[in-house]
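Taken straight from Swiss-Prot:
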ACT_SITE  TYR57  active site, proton donor
BINDING   HIS126  substrate binding site
BINDING   SER205, PRO206, ILE207, GLY208, ARG209, GLY210, LEU211, PHE212, ALA213, GLY214  NADP(+) binding site
Amino acid sequence: MPRVKLGTQGLEVSKLGFGCMGLSGDYNDALPEEQGIAVIKEAFNCGITFFDTSDIYGENGSNEELLGKALKQLPREKIQVGTKFGIHEIGFSGVKAKGTPDYVRSCCEASLKRLDVDYIDLFYIHRIDTTVPIEITMGELKKLVEEGKIKYVGLSEASPDTIRRAHAVHPVTALQIEYSLWTRDIEDEIVPLCRQLGIGIVPYSPIGRGLFAGKAIKESLPENSVLTSHPRFVGENLEKNKQIYYRIEALSQKHGCTPVQLALAWVLHQGEDVVPIPGTTKIKNLHNNVGALKVKLTKEDLKEISDAVPLDEVAGESIHEVIAVTNWKFANTPPLK
């Protein structure tokens, strides 16, 4: 497993991370605790040391608690824990973010307790509170770094202006953002800005919310999956998007790998500073994901793969309408007065 630097502040992680969200049932049924811990331990055995969670995953922070229990069976000092705060409310009416200093601190304390750790390696603002100047939120995070409660600061779904202003208060180590073969809207402005500032990029949903795994193509999704209402997985949109999958499937045969491995390898090849965090509940899928690291792609290969997924042919928005307003395009904050 290759190791890379995220950001310029010294954080070193495995080139492939692991997203823990799905273990607590945010996509399908939650795994029994022992099975969830077994998946995390096997990820570590495969060389993955960078684990991603959030205070909003599972019920009442249960995903952080699960990771915390797994950490008790692993060498803590060899693991980089990334967790997130800032989603204050989530429901049918949408998502409300909160970035006030007292909320920042209380979330950090609660995450430390649930994870049962002395420090958090990477603490992200999960979604941007557009009512609070980002300098205010970052100021409190800077204090938490100085106190040793967190080591590095990250942003998620932040706009270019917010990234610049946050980074001016305290160095931002990583930006977590959706990035995959069929969601590439960060390439024009966000990626160059992160590189200019020395901020690592952590793509979530790097295999297209599972599209390139093929389950939604070859069989019907489980009724309880959140994807059954996702714009890209319903009705005519899914029928159109199946063609994208079939093109990647054909290219994967040429490269002697699975469609998932090709889609993930494409993301991994976007730069040393790009560390995707795919998640899964199954050991065999975990091994399949790790296998993407063996797929070597040339510049010509990367272009051919990109061209097989013309963005104007992708049917449906990348996120549910109710949470679209929390996307990076709407994540500016008021000026500091």
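Just so it is clear, glycine is given a Cβ too, placed from its N, Cα and C backbone atoms.
With all protein chains in the displayed structure included, the most crowded Cβ environment within 10 Å among the binding-site residues HIS126, ARG209 is that of HIS126. Sparsest Cβ environment among the binding-site residues ILE207, LEU211, ALA213 (other Cβ atoms counted within 10 Å): ALA213.
Looking at ALA213 (NADP(+) binding site) and the residue listed as 'active site, proton donor', their Cα atoms lie 22 Å from each other. Apart from the site residues SER205, PRO206, ILE207, GLY208, ARG209, GLY210, LEU211, PHE212, ALA213, GLY214, the chain places the Cβ of SER180, VAL260, ALA263 no farther than 8 Å from the centroid of the site's Cβ atoms, the recorded NADP(+) location.
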